[in-house]
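Listed features, source TrEMBL:
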{"type": "DOMAIN", "residues": "A:22-463", "note": "domain 'Amidase'"}
{"type": "ACT_SITE", "residues": "A:LYS76", "note": "active site, charge relay system"}
{"type": "ACT_SITE", "residues": "A:SER151", "note": "active site, charge relay system"}
{"type": "ACT_SITE", "residues": "A:SER175", "note": "active site, acyl-ester intermediate"}
Amino acid sequence: MHNLTLAEIARNLAEKRFSAEELTRTTLARIEQLDPQLNAFISVTDELAIEQAKAADARRAAGENGVLLGAPIGHKDLFCTQGIRTSCGSKILDNFKAPYNATVVERLAAAGTVTLGKLNMDEFAMGSANESSYYGPVKNPWDLTRVPGGSSGGSAAAIAARLLPAATGTDTGGSIRQPAALTNLTGLKPTYGRVSRWGMVAYASSLDQGGPMARTAEDCALLLSAMAGFDAKDSTSVDQPLDDYLAALSQPLAGLRIGLPKEYFSAGLDPKIADAVMASVEELKKLGATVTEISLPNMQHAIPSYYVIAPAEASSNLSRFDGVRFGYRCENPVDLTDLYKRSRAEGFGDEVKRRIMVGTYALSAGYYDAYYLKAQKIRRLIKQDFVAAFEQVDVILGPTTPNLAWKLGEKNADPVSAYLEDIYTITANLAGIPGLSMPAGFIDGLPVGVQLLAPYFQEARLLNVAHQYQQVTDWHMRAPAGF
Amino acid sequence: MALERTEVEKIAHLARLGLSEADLPRTTETLNNILGLIDRMQAVDTTGIEPLAHPLETTQRLRADTVTETNQRDAYQAIAPAVEDGLYLVPRVIE
């Protein structure tokens, strides 16, 4: 049962081979047995899951047949869940039970999904390894001595280990795509504004985007169909009709124009990853695609620009965590400033404090123009690169990450080296375009991801290309030993 | 430009983050490494380029100026560290 995809679960539930309650109980037992090896879950929501599963069975018995009705999922622990801890991987929110549900949670629940728990993550989604969580690092099921990637590392590890068929993630600089690549999953960062951010704990508001993580593009299409769409509660939500993501999957790829950015294949990329990526290109050519070399000349400036914009927005967003209205408060504060300073110093971890300080500095008097404004100008240059590239090609293809999953602790002493792991993913967040990572092979037993980028709101195209690729390859079907 | 210890203390104060004496040297070094990375963008010519604040360059959507939220004070205060009579408690501010 645990090896089934969402699409396969839907068929089995519809054919009454098992009930949602049976599936949920089996899944809960598997989480209890195997998660201690991974640390993928912060909270397991047993009671809620059984209750939702029974409700799904009742709805099905009453004649409903929605594809996600009774499907088990997990939520990254920054999506607010009413009455259930929403920690954001932080001590400062360890005692926080949201009084409401995020729109994404609400929509997936309305579609009949069963929430099995809240998934571990880098604290406030800041990280590329899932080592900065207050609840401890998550292990990569392909090699338990290695990181699963971050910040949606709990979501990634849980799906890769077959503890869940699918989960939500969020992507501010690559946090869906990078862990998907390092754990052999399909993960989609939609266009900025396509999926509501209401009820997502904000890190960098102009970059954060929620999206689906699963084993196949088909499953991501199923989830996106339920998650996406206009939300009046989110002022950045885009009021534009959705595509039929499932129908788009079967489109043939004949005539598809793929662009390979030369900057993605330069120094810094593991040559074995480059070989795997090019092998995926050959498969897509067999399916009828044509390939052109393109250039994204400002890509090299994306990381410096991101590490000004994201911390600047974080320093503003995280000012709400002050120990006054919710969350952690220090013991016996002597005055209000002491309450703020000690609550935040004791509640936040090192990486969060680092980014808040970088952001505070970048926005402080005298430095705004040199840092924040400069970064926003570079952001436009990066967007212009994509606009120009998409005049020549339909999708852009390259590696998702420059390296394979690294050893736990390997980059802890040097945060800057970890920042560089997001070099291929960050540009999509700065420009706001959609991006997808799909499994494309293995090197020394570790997964390799290929990234696809498309123009605004062309998630259907990304899912279509990945699905067609997954019809002729089986990388995405492979499971880690022991799970 | 490299940050000095006093500047790091000032930034920590602006961010309302307590910083211990023992943490200062390591924090200063790490921040300077990050600023070294960030400063690479100063080499980019951005003359005449308009800053991009929102990826889709849309304007803020407005809504009718009417109350839509219900009063949920009890729900919000149920998760507060300290409340009394519907108010949030903090240390004395005015002597």
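Numbering starts at 1 and runs along the chain as it is shown here.
Cβ atoms here come from the backbone N, Cα and C positions, even for glycine.
On a predicted model such as this, the values are computed, not experimentally measured, just so you know.
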Integer mean pLDDT for the domain 'Amidase' (A:22-463): 97
Cβ contacts of A:LYS76 (active site, charge relay system) (under 8 Å, same chain, 6 or more positions away): A:LYS118, A:LEU119, A:MET121, A:SER152, A:GLY154, A:SER155, A:ALA167, A:THR168, A:GLY169, A:THR170
For A:SER175 (active site, acyl-ester intermediate), the number of other Cβ atoms found within 10 Å of its own Cβ: 36
Separation of alpha carbons, A:SER151 (active site, charge relay system) and the residue listed as 'active site, acyl-ester intermediate' (Å): 5
Residues that sit under 8 angstroms from A:SER151 (active site, charge relay system) by C-beta distance, when 6+ apart in the chain: A:GLY89, A:MET121, A:ASP122, A:ALA125, A:MET126, A:GLY127, A:SER128, A:ASN130, A:THR170, A:THR172, A:SER175, A:PRO179
DSSP-derived structure type at the residue listed as 'active site, acyl-ester intermediate', helix or strand or else coil: coil
